[in-house]
């Protein structure tokens with residue numbers, strides 16, 4: 001790509017570099033336009049308002065969801081497990097990206113101009129690459145953690161600790177900052193005159209070979225390799241967990257519950273990885289095509305495909321909390337517990353009905369916990385407060401009133417150090 005001062009022939013074709021993680025792209029005139037007539041799809045199309053609207057929805061959902069994830073893990077001690085520390089890091093990465101990067105991209109689409117100065121030109125696009133790198137490395141670390149927890153449970157118990165997870169997350173961030181550093185050097189603000197005076201922020205490389213080598217390397221390191229690690233570990237974990245019941249029949253309820261818990265956690269981790277792949281693969285494929293093929297079809301159709309792929313990749317930062325809410329039973333319970341007025345689902349039953357049920361079914365000597373298993377009735381208690389903290393493995397919080405009614409708050413397991421979600 002031409003340098004910031006060499007604009008001859010460039011300004012007839014270039015519109016705007018929209019994605020920082022990927023190779024700078026060039027949108028040329030459509031075949032229907034006379035030669036030499038520049039086409040600015042961001043001004044002539046609906047992208048100037050549609051894309052910022054989509055980004056606004058993504059940001060609203062993502063900031064709320066990731067904020068909830070960070071809050072419940074930080075507040076509730078039972079959520080401070082090794083696996084959840086990696087999910088916490090993912091939430092921090094996604095929240096940082098949504099707050100620090102997405103608004104600037106939305107404004108670029110709306111104005112087709114860079115108006116934030118030289119420092120922000122470098123910082124915004126550099127931090128975008130940092131968050132993308134941190135996401136891929138964190139997913140690889142998360143998958144490896146589940147692999148060792150399931151395949152080598154005894155050997156890994158000494159180093160699978162929250163402290164280790166914190167150190168790994170720190171290394172992930174440090175590696176991300178280092179690997180993304182060329183972006184901070186390459187991105188520059190410069191002035192052009194494409195359909196009027198404009199300010200641009202694009203990456204400027206003196207050597208196109210190094211430019212291509214860097215972007216290919218980042219896709220391999222931050223997407224291909226993490227995806228390969230996740231695929232390898234997930235295949236072994238699923239083989240072990242789903243084969244266990246046929247080769248080694250479970251003889252106790254606790255063994256069955258532990259196996260079900262591990263399966264739930266692994267399903268969620270796999271879901272996060274699959275969504276990451278679906279969201280990011282189209283963007284990487286298209287941008288590598290742009291980077292490596294000098295005959296890339298610069299048409300309106302491809303421009304629309306590129307914009308759609310960009311929106312899909314950004315949406316990944318808002319989807320993970322939804323996965324936790326739908327697939328993570330304990331995340332869902334903590335959300336309800338932290339914000340009972342928002343997630344109100346408590347059932348109120350007459351006290352008389354409860355007494356009648358006790359006489360009709362005297363055979364029931366326990367209370368079902370969150371996993372559907374019975375536990376001794378002493379694990380339950382009628383209390384006058386709205387909520388009571390308990391250190392039992394499984395408990396029910398029940399709130400009594402002066403009227404002839406009992407409000408069942410929840411029946412939920414309290415975690416040991418096992419990874420539950």
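Cβ atoms here come from the backbone N, Cα and C positions, even for glycine.
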Could you check which of 213-238, 239-264 is flagged in TrEMBL as transmembrane segment?
-> 213-238
Out of 86-111, 346-371, let me know the one TrEMBL marks transmembrane segment.
-> 86-111
Tell me which range among 4-26, 165-187 TrEMBL lists as transmembrane segment.
-> 165-187
Other same-chain positions with a Cβ less than 8 Å from the transmembrane segment (303-327) and lying at least 6 residues past its termini are 18-19, 21, 25, 27, 41, 47, 51, 54-55, 58-59, 61-62, 64-66, 68-69, 87, 90-91, 93-95, 97-98, 102, 105, 135, 264, 267-268, 271-272, 275-276, 278-280, 282-283, 286-287, 290, 335, 421
Counting only residues 6+ away from its ends, which parts of the chain sit with a Cβ under 8 Å from the transmembrane segment (213-238)?
-> 21-23, 129, 132-133, 135-137, 139-140, 143-144, 146-147, 150-151, 179, 182, 266, 269-270, 273, 277, 280-281, 284, 287-288, 291-292
So what's the average pLDDT for the domain 'G-protein coupled receptors family 1 profile' (65-324)?
-> 90
Count the CB pairs under 8 A between the transmembrane segment (123-144) and each of 49-74, 86-111, 165-187, then give me the winner.
-> 165-187
